[in-house]
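Student: This structure is in structure tokens; I'll ask about it shortly.
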Amino acid sequence: MLEGSGAAAAQGARLAKVLTTLDLISLGVGSCVGTGMYVVSGLVAKEMAGPGVIVSFIIAAVASILSGVCYAEFGVRVPKTTGSAYTYSYVTVGEFVAFFIGWNLILEYLIGTAAGASALSSMFDSLANHTISRWMINSVGTLNGLGKGEESYPDLLALVIAVIVTIIVAMGVKNSVGLNNVLNVINLAVWIFIMIAGLFYIKSDNWAEGQFLPFGWPGVLKGAATCFYAFIGFDIIATTGEEAKNPNTSIPYAITASLVTCLTAYVSVSMILTLMVPYDAIDTESPLMEMFVVHGFYAAKFIVAIGSVAGLTVSLLGSLFPMPRVIYAMAGDGLLFRFLSHVSSYTETPVVACIVSGFLAALLSLLVSLRDLIEMMSIGTLLAYTLVSVCVLLLRYQPESDIDGFVKFLSEEHTKKKEGILADCEKEACSPGSEGEEFSGPPTNTCGAKNLPSLGDNEMLIGKSDKSAYNVNHPNYGTVDMTSGIEADESENIYLIKLKKLIGPRYYTMRIHLGLPGKMDRPTAATGHTVTTCVLLLFVLMFIFCSFIIFGSDYISEQSWWAVLLVVLMVLLIAVLVFVILQQPENPKKLPYMAPCLPFVPAFAMLVNIYLMLKLSTVTWIRFAVWCFVGLLIYFGYGMWNSTLEISAREEALHQSTYQRYDVDVDPFSVDDGFSFAPEGESYPAWGPSEDKSFSYQQMAGAKESHRTSGRSKSKGRHKPPSDALIANDELDYSPE
């Protein structure tokens, strides 16, 4: 993976850092707003929540922001890649979790593409006054079984749209930021038009008594799980790290700003929609276009159509572009079939992955109704984001040695750039002569260079010349002054400072009583293992808790004593596990962006995501289980045995066993080790024949070490080796060791 990212960095050196925070917000909004605004709002309002869809969107937005901050930290941990959560988890957590996240991301993008094509098809059908769907039903017929029992016609137009977009992507035409911005401006103009024009047709009777929450709070929460789909797409921002001008601040700001922008758009559109049309009369296929038709404003239908073409096109391209990249990355790592990683020399795109993914998306859009597609997409993404939250929680509490592979790699890359006289000059300037010498004042510049290369943003002044103090790979680098043991920067955690001001001097007493870690505490393998166990237990417990809250809601509402006791017990257990995690020391390494309030934010993100997943329909879960089962078959049948990690491990094991065999034979006579034979008159300390006529390799190694110190001071002349030593060596060759 390091080699791969090194090559990618070499190729990606040409990527211009041109994306501003505004560009990133535009990318995020463009990939979210399309299907969410033009389809999901009407679908959820009619079938799940009524006007309560507004609350559903707010709940889904909170879940998205919690996952967004975890996603942003995950992206910053692996700064050299412009990949997805699959790449991040492969580097930081491991192969199996990475495969599972990647497999779910494929589902997300696959269904996103199919849903985009299906939504565009519905919009064209609505523009043609439903003549396309009527013609399809009359000439082709309907099919049953893939929907929830209802009959739907095979959507040939959606298939054609999916195929066209696949060809565009496979030909290497890229979705430029300029085009994205233009389409977003069109979308924004249409949104403003809907707001102003809609005000003339609103009726407050549609929100009258009992009309706002016709399906109650369960409907609102079920709607929130589907509304989560409308916020999918913010993860595209986290993949632009290499092209952003200032990714450390731009990415977190852009993720939050794009989610807030989307929320504003969705809430305002849902309010106008449910005030203009009674919730049970909303058209689920093209709600925003048809709501003006109900009031006889036909011109508005075509204005909204322009906006929906712009919005749906951006989100369709946004779904289809990353999918071949994930498939290509997984196939390159050997987790999927290797032929999928083939890159065309003509178009310079993973053509096979494009064609396969486009074909599957086209097939889905042909056979599955839009509502089922949206629910299916939500479940895969919710699980992927839950796993991202789990990974962030795990990684922050692991010792540095377990996760610093990339740090070492980056620091090596950095030092390679410091060539020639500048590197020598820096060594002289930054390395005092003797161990006890005080290092004060500016460094002596011996070569006349005005600006010495720095060690990076985390460089700090060193009090004494302890070489370990300014080693980039040291776990405390950039966080602790090694001479005084005081943290270099306490200002990074604003919440902690506020808490100290609030509590005052009692803060330190409380910290000791609660067993919270001190400033100088560092994670060890044992504390890392404790956190891993707690997080896994937390995941399982949250799953059981949410299942009971949803499926046992009748018992809880009736206030059955055992149900209430069970809920209280599970809440207490979750609180205890979170507190145990809180007691463990965090890794001191500072990242450009870190999720705030650990472990509460990732834990709450996990809880909300699991709850929303369980609110989805049973049919969706069955389909999802089938998808996961197919994935596990591929992993255990092919990926596990053909992955790059497995192959390299086998090669290393083979190489090691070969090396050890030759090492035993050759090492005793290695001249480089300063081997010299004792004169005939002297007794040789460790090379004489042993009483039991057998030698172990460890004894030989020990003899060699002692010989290095004593043998060189003896006669340097080369004497004929005694016959006893050769006999002993022969016995070594034939010994079982």
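Each residue's number is its place along the chain shown, starting with 1.
The backbone N, Cα and C atoms fix where each Cβ goes, and this holds for glycine too.
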Student: Quick check on the annotations: TrEMBL lists transmembrane segment for one of 297-321, 322-346. Which range is it?
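Tutor: Based on what TrEMBL states, transmembrane segment spans 297-321.
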Student: Considering only the recorded stretches 21-41, 215-238, 297-321, 559-581, state which has the highest number of Cβ pairs under 8 Å to the transmembrane segment (376-395).
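Tutor: When the Cβ pairs under 8 Å are tallied, 215-238 comes out ahead.
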Student: For the transmembrane segment (21-41) and the transmembrane segment (559-581), does the number of C-beta pairs under 8 Å, pairs 6 or more apart in sequence, reach 3 or more?
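Tutor: With fewer than 3 qualifying Cβ pairs, these stretches do not touch.
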Student: Give the one range among 53-74, 156-173, 185-203, 297-321, 559-581 whose Cβ atoms make the most pairs under 8 Å with those of the transmembrane segment (215-238).
Tutor: 53-74
Student: For the transmembrane segment (559-581), what are the same-chain contacts with Cβ under 8 Å, counting residues 6+ beyond its ends?
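Tutor: Sequence-remote neighbours of the transmembrane segment (559-581) are 393, 397, 530-531, 534-535, 537-538, 541-542, 544-545, 548-549, 552, 599-600, 603.
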Student: Counting Cβ pairs under 8 Å to the transmembrane segment (156-173), which of 53-74, 185-203, 250-277, 297-321 comes out on top?
Tutor: 297-321
